[in-house]
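Residues annotated as domain 'MARVEL' in TrEMBL: 6-165. What TrEMBL lists as transmembrane segment is 12-30, 42-63, 70-91, 154-172.
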Amino acid sequence: MLAGVSIGFRAIQFIFSVVVLGLAVTLIKAQVYDSAPVTTKYSSFTGGFGILVAAIGVAGLFFDAIPDIVNLALDALAGLLFAAGGIAWAIGIKGISCTSEYDADKMLGNGLLNLGTVSAGGQTGYGVGAISDTAEEVFGHLKSNCQKGFADEIISFLSFGVAAGLVGLGYVRMRKGGGSSGAGRYVA
């Protein structure tokens with residue numbers, strides 16, 4: 001029974017990690033000026049790391065060569081990394097409503113959402129302005145980027161919860177199996 005629950009958690013971990021990675025890569029590829037913000041790059045790292053941890057976790061269910069303590073440690077590390085990513089996004093977009101036109105200036109001034117800035121002759125140009133023809137398009141890009149950032153934040157926190165659940169399952173498996181992966185218990 002633990003194997004089925006573990007596989008279910010691993011599937012969720014994999015899907016959440018792919019979403020975190022996908023959202024971050026989308027924002028990175030859209031960057032117009034400068035390089036992408038550290039928070040966005042960090043999210044791409046955590047998403048990729050989560051995919052790797054999910055794959056190793058599934059392999060650990062079937063191969064004795066991967067001890068439960070390895071999966072337990074990787075899940076704990078992944079949980080901490082995802083929590084840090086969620087906190088970084090929460091701090092970065094704090095107080096901004098993605099749908100409020102009143103927050104358009106806040107979004108435009110936010111380095112996580114404006115696709116970079118360039119200054120010349122006392123004027124500041126924004127990446128979202130470089131790819132938009134009208135103020136409505138600028139707001140549409142800012143709103144979309146804000147929603148992607150907010151989704152990345154939420155899914156990072158959910159990924160932390162999944163990792164915490166996997167740490168709990170790993171602990172139970174270690175207690176029952178004496179520290180080996182116990183593949184023989186799950187494969188008939």
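Keep in mind that glycine also has a Cβ here, set from the backbone N, Cα and C atoms.
Where the annotation comes from TrEMBL, it is an automatic prediction and has not been curated.
Sequence-distant neighbours of the transmembrane segment (12-30) (same chain, 6+ residues past either end, Cβ-Cβ under 8 Å): 36, 40-41, 43-44, 46-51, 53-55, 57, 78, 82, 85, 112, 115, 127, 131, 145, 148-149, 151-152, 155-156, 158-159, 162-163, 166. Cβ atoms under 8 Å from those of the transmembrane segment (154-172) belong to residues 2, 5-6, 9-10, 12-13, 16-17, 19-20, 23, 43, 46, 50, 53, 57, 68, 71-72, 75-76, 78-80, 82-83, 85-86, 89 of the same chain, restricted to positions at least 6 beyond its ends. Looking just at the domain 'MARVEL' (6-165), the mean pLDDT is 93.
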